[in-house]
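Participant: Mind having a look at this structure? Questions to follow.
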Amino acid sequence: MIQLHDIDPILFSLGPLQIHWYGLMYGIGFLVAWLIGSSRVRAGRLPGVDEDGFASFMIAMIAGVLLGGRIGYVLFYSFDTFAADPLSIIKIWEGGMSFHGGLIGVLIAAWVWKRKRTEFTYWDLVDFVAPLVPAGLGLGRLGNFINGELWGKYTGGDWGVIFPSDPELSGYTMAQLRQMYAAGQLDAFARHPSQLYQAFLEGLVLFTVLYVVSRRPRRRFLISGLFALGYGLARFAVEFVRVPDAQLGYLGMGWLTMGQLLSLPLILLGIGLIILSRTSPVLEPKPVEPGAGAGEKDGTEGQDDGDGGPDAEVEAGSEQPGEADQADEPGGTKA
């Protein structure tokens, strides 16, 4: 049944301060990523890093997401708005975050955080981060839906949603729209809820794939490759039913959007990383030793794995003390 979008984007107000659902979704996304990552740290997925070290890492990741996402949006989608109102760059709660910019921000933040740590490679760290991201992506898209933004093209399907922010409905009050909806006069304005399509594909489906694969022995680069390929394909596909940004329109061929253009390199990167992973040995989590992570607190560094580069995980089949008794991910949320 066609629905009328009738959700207040403001959760509550405290004097002049307004708390938006969109901001809450981001906060929950960061919290979920923190909990999943903390569980993986305890399971030995990031050798030499304890809870305190992971906390510093998450702070760097959050900064990378917010700064990169907002700067990316300004550069890719809304530079004219920024030029007219430079302070708009800090108004994250009003919407306007670019995933591709956030991804670049996270990769840079991870590189900076990793520089003094030799217990694992940079790509081991990226593989570790990848399964933490989809929950935030899905929740962010729910925030877009609640905001009534980034909707899709018109559809005759019963799953369509009527968005009051539709320019064709701008002359009506919410009370009038409710009456017209009840009388069945707005069905022609139903649109694809493309935000929910993305929440499902980029959030639930991508998380499930990465969750299943990351729990098993796997090769370096594989998780990162699956993430890049999965997100790129999902975004590219949904863009066909999503209305392009008004200030940009279609970039070419009557259908190519900025989102698709930015996703093409991700698809190619994902394919390349998956192919590259075939040259890597199968890796398993290192057993968690008592007091693991203490080296980070007292300033000692990890050791080389002996083959010219550090490894976050060990090759499958190599004997490790206590390996037979090591649970894959003991306790807590698994990812």
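Just so you know, glycine gets a Cβ as well, placed from its N, Cα and C.
Got these off TrEMBL a minute ago, pasting:
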COMPBIAS  301-316  compositional bias 'Acidic residues'
REGION    284-335  region 'Disordered'
TRANSMEM  19-36  transmembrane segment
TRANSMEM  57-76  transmembrane segment
TRANSMEM  96-113  transmembrane segment
TRANSMEM  125-146  transmembrane segment
TRANSMEM  196-214  transmembrane segment
TRANSMEM  221-238  transmembrane segment
TRANSMEM  250-276  transmembrane segment
Participant: Determine which recorded stretch among 19-36, 57-76, 221-238 has the most C-beta pairs below 8 angstroms with the transmembrane segment (96-113).
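Facilitator: Going through each listed stretch, the top one turns out to be 57-76.
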Participant: Mind pulling out the one from 19-36, 57-76, 125-146, 221-238 with the most Cβ pairs under 8 angstroms to the transmembrane segment (196-214)?
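Facilitator: Against the transmembrane segment (196-214), the leading stretch is 125-146.
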